[in-house]
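Below: one structure, written as structure tokens.
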């Protein structure tokens, strides 16, 4: 075998090894979102499923929201807000901070791609009369106090509109009440133009409970129609 042939062979082997090393590094750098959801990341982030359920459906009684099927950009925005502190929560802030940027992106994609579990689709889905106080606020607002209808931003029945206005339909009522209180108290302030801070400043706790109950009773649209 000539020296030239040997050099060519070594060059091919070196190229192949470089490619394999690059592929291995890429795989190693890709966070395992499913594993993080079930057991955490081993660096301080707890398993997401412990609060949000094995299938991302949330928990009614504890007020943990559904994540399955939500808009990826919205989920990432919230994780980033928890990590930066612009959205305060004693549970989520340390968990979001313990996730790397790549892990937050991976978790947002993971839950966005997850189908809405049947248990969440049928949560509190019962008819509510049009004269119900929650229905009135959600659908028509209270313009005498400059409170717009919730559906003007969050879409019909609260199906959600884009990144800034998440779906409210079918979310646990306890979670929705907690978020309305957070807006009013200023512990959550990552909304466009401080819209929610203005709206909640006009709502009583009873208003919040009424409107949260109405949205919790609304059916969840098919995934893909729910931003």
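Each residue, glycine too, has its Cβ placed from N, Cα and C.
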Candidate sharing the heme c 2 site with 150, 153, 154 (per TrEMBL), from 107, 196: 196
Residues satisfying Cβ distance under 8 Å from residue 150 (heme c 2 binding site), sequence separation of at least 6: 137, 138, 139, 141, 158, 168, 211, 215
Sparsest-packed of the listed binding-site residues (48, 51, 196) - C-beta count within 10 angstroms: 51
Alpha-carbon spacing, residue 48 (heme c 1 binding site) to residue 153 (heme c 2 binding site), which is rounded to whole Å: 29
Within the predicted model, mean pLDDT of the domain 'Cytochrome c' (129-219): 94
Around the Cβ of residue 52 (heme c 1 binding site), the count of other Cβ atoms that are within 10 Å: 20
